[in-house]
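A.B. asks: This is the feature table in TrEMBL:
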- 47-189: domain 'Cupin type-1' (DOMAIN)
- ASN88, HIS93, GLU98: oxalate binding site (BINDING)
- HIS91, HIS93, GLU98: Mn(2+) binding site (BINDING)
Amino acid sequence: MAMNSLKPISLVTAKTALASDPDILSDFIAPTNTSVDGKLFTFTGMRGVLTKFPQNFTLTKATMNEFPALNGKSVSYAVLQYPADGLNPPHTHPRAAELLFLVYGSLEVGFVDTKNVLYTHNLQVGDVFIFPKGLVYYQYNPTQKSAIAISSFGSANTGTVSVPLSVFSTGIDDRILAKAFKTDLYTIQKIKSGFGKP
C-alpha cells in the first residue's frame, strides 16, 4: 500500500454524565453503624397520614432521605393531600418519572413537553397518570372537597425543582425576569414579594 493512499483516522472521545440511582452490587446497602433486621426495611412515617385533613397541600414522602433502605433501589413513594382548591405548583423531578394514583376526590393534572405542548386531564378516583421524567408539571384540585393521591417514583432521590421558587426566589435579577416574562419591574417585584426576598 502506497503512503499517499493512507487516510487520516479521527478519534472522538465522549463523556456522558448520568443523573440516576446507582446500580448496586449487593442485595441492599445498610447505613453504617446500623443493625440489619426487619426494622431497617420498614418505614413508619406514613402512619396516620390518611387520618389528617390538612388545610394546605401536603406531601408526605418516603425517599432515601427519610427511608435509608431505599438507597440503591431506584424507587420512592409519596402521599399527596390536596385541600379544596389545593395546588402542587409547577415543578419537575430531574431524576425520575412520577406515577400518580388518585385514591380520593378529583384532580386536574398536566405537563408540558419539550415542544411546549401542554397535556392535561381531569382524573377521577382509580385513575393513574404518568408524569415523564424531567418535564414541568402540576396537580390541582379545583373542587370544594379534599383529594388524595399516591405517587411512586423511579428513583430513591428524585430531586425536585419548583418552577415558581426557582424563578422568583433565587436572586435572578429583576431586569432579566422582566425581559424574560415581557413585563415591567414592578410586576416582577410584586410577584417576588409573595415569595420573600432571597
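Going from the start of the chain as shown, residues are counted 1 onward.
Every residue, even glycine, has its Cβ placed from backbone N, Cα and C.
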A.B. asks: Between GLU98 (oxalate binding site) and HIS91 (Mn(2+) binding site), how far is it from one CA atom to the other, in Å?
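C.D. replies: So the alpha carbons of GLU98 (oxalate binding site) and HIS91 (Mn(2+) binding site) sit roughly 12 Å from each other.
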A.B. asks: Restricting to the same chain and to sequence separations of six or more, state which residues have a Cβ under 8 Å from that of HIS93 (oxalate binding site).
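C.D. replies: PHE131, LYS133, GLY134, PHE153, SER155, THR158, GLY159, THR160, VAL161 - these are the non-local Cβ neighbours of HIS93 (oxalate binding site), listed in sequence order.
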A.B. asks: What other residues of the same chain, not counting HIS91, HIS93, GLU98, have a CB atom within 8 A of the CB centroid of the Mn(2+) site?
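C.D. replies: Going along the sequence, the neighbours appear as THR92, ALA96, PHE131, TYR137, PHE153, THR158, THR160.
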A.B. asks: Using Cβ-Cβ distances, find the residues under 8 Å from ASN88 (oxalate binding site) that belong to the same chain and are at least 6 apart in sequence, listing them in sequence order.
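C.D. replies: The answer is PHE57, LEU59, LEU80, TYR82, TYR138, GLN139, TYR140.
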A.B. asks: Give me the DSSP three-state residue breakdown of the domain 'Cupin type-1' (47-189), ordered helix, strand, coil.
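C.D. replies: Its residues divide into 24 helix, 55 strand, 64 coil.
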